[in-house]
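Listed features, source Swiss-Prot:
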ACT_SITE  K16  active site
BINDING   P99, M100, G101, A102, G103, L104, G105, G106, G107, S108, S109  ATP binding site
ACT_SITE  D141  active site
Amino acid sequence: MTDSTRSLRNCLAPAKLNLFLHITGRRPNGYHDLQSVFQLLNWGDTLHFTRRDDGRVARVTDVPGVPEESDLVVRAANLLKAHTDTAHGVDIEIDKILPMGAGLGGGSSDAATTLLALNRLWQLDLPRAELQSLAVKLGADVPFFIFGKNAFAEGIGEELAEVELPTRWFLVVTPRVHVPTAEIFSDELLTRDTKPVTIADFLAQQTSDAEWPDSFGRNDMQEVVTRKYAEVAQVVKWLYDVTPARMTGSGASVFAAFHSKHEAEAAKAKLPASWNGAVAESLNEHPLFAFAS
């Protein structure tokens, strides 16, 4: 990352994985209570920010299928600008590599990186808690990326507690299908009454010799998604022939863990050509963590 008084270049917006995802209830307002562990990855979109003195917020790169006015990156910048009444503006460039509708948190991570980067570039010095309260307005996953550590999540995903996770290499496989999150959450067959677990339950599994991630929990959305989307079911089956695997978020991406980069790359080399595969190492901390206190 390059840092100057007028620009911030090469700011990573890391992907996340849901190591498990349990839905424990549904609220009267339609939101779902969940439990999950969010894992940061050293892989994601890259954003570049150049300060403007005319107060305008502009996305200067095209993102296919995402109009500028509805882009979470632009919305995040405008939200922060309105909250602080700063006179500054910004040009935002996005090198987009994370697939959309994949359960990797791409748009949410882009928004969080924008809030963190502009907190530094605009010299706002807002505390992390204040940025997290703004982030909730942009989406349920955005506060996690501001939190900036691997986390045990509860509530709708906004109640976060840091967890220490071992270093792992992951193969993340995404078929060419977009899975709308709202469609999966509204499915009548979705499990919504999984028994709550504790952080201690999860951490005890981390030191066991059982196969991982099969050794703890599940993704309650996976059964619904694989029933609706044959492409996702095919990825799960293919990966299971290699090693235990699990869908992240509401899909469509599926991940498997490996002890080394070499093992993950070897599995990736065998993927069908129609699937997008990426090898990524786990992260313990968001790359822009120091941009808020």
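Please read every residue number as a count from 1 along the shown chain.
Quick reminder: no glycine exception, Cβ is built from N, Cα and C everywhere.
As the structure is a computational prediction, the values presented were derived from the model and not from experiment.
Features per Swiss-Prot, on structure.
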residue : record           : Cβ neighbours (10 Å)
K16     : active site      : 26
P99     : ATP binding site : 20
G101    : ATP binding site : 19
G103    : ATP binding site : 30
G105    : ATP binding site : 28
G107    : ATP binding site : 25
S109    : ATP binding site : 27
D141    : active site      : 25
Q: Would you list, in sequence order, the residues of this chain other than P99, M100, G101, A102, G103, L104, G105, G106, G107, S108, S109 that have their CB within 8 A of the centroid of the site's CB atoms, where the site is the one recorded for ATP?
A: A15, L98, G249
Q.
Restricting to the binding-site residues P99, G101, G105, which ones have a CA within 10 Å of the CA of D141 (active site)?
A. G105
Q | Alpha-carbon spacing, G107 (ATP binding site) to K16 (active site), which is rounded to whole Å | A | 11
Q | Distance check against K16 (active site) for the binding-site residues G101, G103, G105, S109, keeping those with Cα within 10 Å | A | G103, G105, S109
(Q) Through the lens of DSSP with three states only, how would you label D141 (active site)? (A) coil
